[in-house]
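Visitor: Right, I'll just put the structure down here and ask away after.
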Amino acid sequence: MMTSVITTDAVHSRTRPKIVYAIPHLSADATEHFAHLPAFLEVLGERTDLVALVERGTPPGKLPGVRMVVSAVGRTRLTRLLNCVRAIRACHRAGYRTYFLRYSRLLLIVLVLTYPLFRPRIFLWRSGTADLIEPGHSKTVRQRLDDGLNYVLARCVHAFVTGPETMVPIMRGRWRLPPGRMRLLYNDIDSDRFTPPDPVRRSEVRRRHGWNDGDFVILFVHRLSFRRGTRLLARFLDSVDAALPCRVRLVVVGDGPDRHYLDRMAAGRPNMHVLGAVPNVDLPDLYGAADCFLMPSYEEGFPRVLLEAMSSALPIVTTRAGGSVDVVGRDYPFVCAVGDLSGLVAGVVELAGLPRAERDALGDRLRDRARDRFSPQRVARMLEDLL
């Protein structure tokens with residue numbers, strides 16, 4: 001597929017910073033967290049002269065707040081690579097030199113290789129590590145080569161961007177970067193889209209899924225992998241189910257290498273529901289219908305699922321993995337150590353035992369934090385400042 005540039009009729013000031021924001025994947029039914037980006041770009045476009053460069057998916061012809069949508073979509077990796085070169089050339093001709101990348105390794109490689117021609121300024125976002133190896137396994141040759149390539153590429157960027165605060169020294173140490181190269185940036189959440197539903201809507205969603213009003217519904221949304229604590233879920237459910245007098249349901253949303261394992265675990269547990277991947281656009285209903293959000297991760301960076309739950313006013317029980325404590329707040333009560341299954345169980349049991357008014361107040365507190373600290377407007381200002 002040829003690179004295409006689609007101009008919008010938005011009016012931008014020539015004095016605004018010019019930036020190319022790379023989106024690894026974008027489509028209407030996206031299940032990845034990149035689905036949050038269009039709403040953020042609309043806000044960012046009020047402060048910058050913005051181009052969106054989409055690498056995969058089905059990019060729309062226009063995005064609100066964006067001057068140009070540049071497609072580097074291709075059927076093969078080679079086609080995408082060539083389209084990335086064309087996209088960078090098109091942006092260069094239009095006067096854009098600054099790139100903000102969320103992972104986007106292929107585009108990063110092309111930017112580094114074509115640096116003598118286009119002289120881009122590269123801001124690379126990465127948060128979280130993938131160093132945890134499942135017991136009984138070891139890093140493959142490919143994983144080691146990937147680490148080496150990422151190590152080299154991290155030294156080729158103008159700035160290495162990460163967040164929240166806890167992740168800055170972690171990522172600096174992981175990739176052995178000088179302090180002056182590090183920048184702090186938050187993830188954002190659209191609190192208008194992820195908002196508590198009215199009681200009628202909540203009841204409708206619960207009935208559609210077969211959940212009774214008296215059921216205590218625990219929601220897990222994440223990649224289904226060992227790093228995200230999926231191997232703990234079945235034992236967790238058994239323990240919580242035995243401790244609570246009401247019917248407990250565990251709803252698992254996501255896909256990944258542990259999908260088949262969880263399907264086997266759910267086969268013998270009628271109160272464990274593995275829904276698989278759900279388009280991000282449909283997630284607000286699930287957050288709004290649940291009673292508790294669970295994140296049992298061993299490794300994390302800046303988990304956007306916590307922001308989704310917080311903005312939905314859904315009480316959370318989480319581990320301290322990565323920057324999780326920075327997200328929910330250091331005074332949030334339902335946080336336990338990484339790998340602490342008994343702590344996760346105790347947290348959910350205690351939360352379920354609270355009066356409904358106290359649970360609602362806890363959810364409101366989380367929503368207020370999400371709106372105040374992680375709004376698209378605040379994050380757009382942070383990004384503009386670090387450019």
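Here the Cβ of each residue, glycine as well, is placed from N, Cα and C on the backbone.
Automatic prediction, not curation, is the source of TrEMBL annotations.
Pulled the feature table from TrEMBL, pasting it below:
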- 99-118: transmembrane segment (TRANSMEM)
- 203-348: domain 'Glycosyl transferase family 1' (DOMAIN)
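Quick one: how deep are these features, and who are their neighbours?
Guide: Here the domain 'Glycosyl transferase family 1' (203-348) has a mean pLDDT of 98 out of 100.
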Visitor: Reported in the order helix, strand, coil, what are the DSSP residue counts of the domain 'Glycosyl transferase family 1' (203-348)?
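Guide: The counts are 64 helix, 27 strand, 55 coil.
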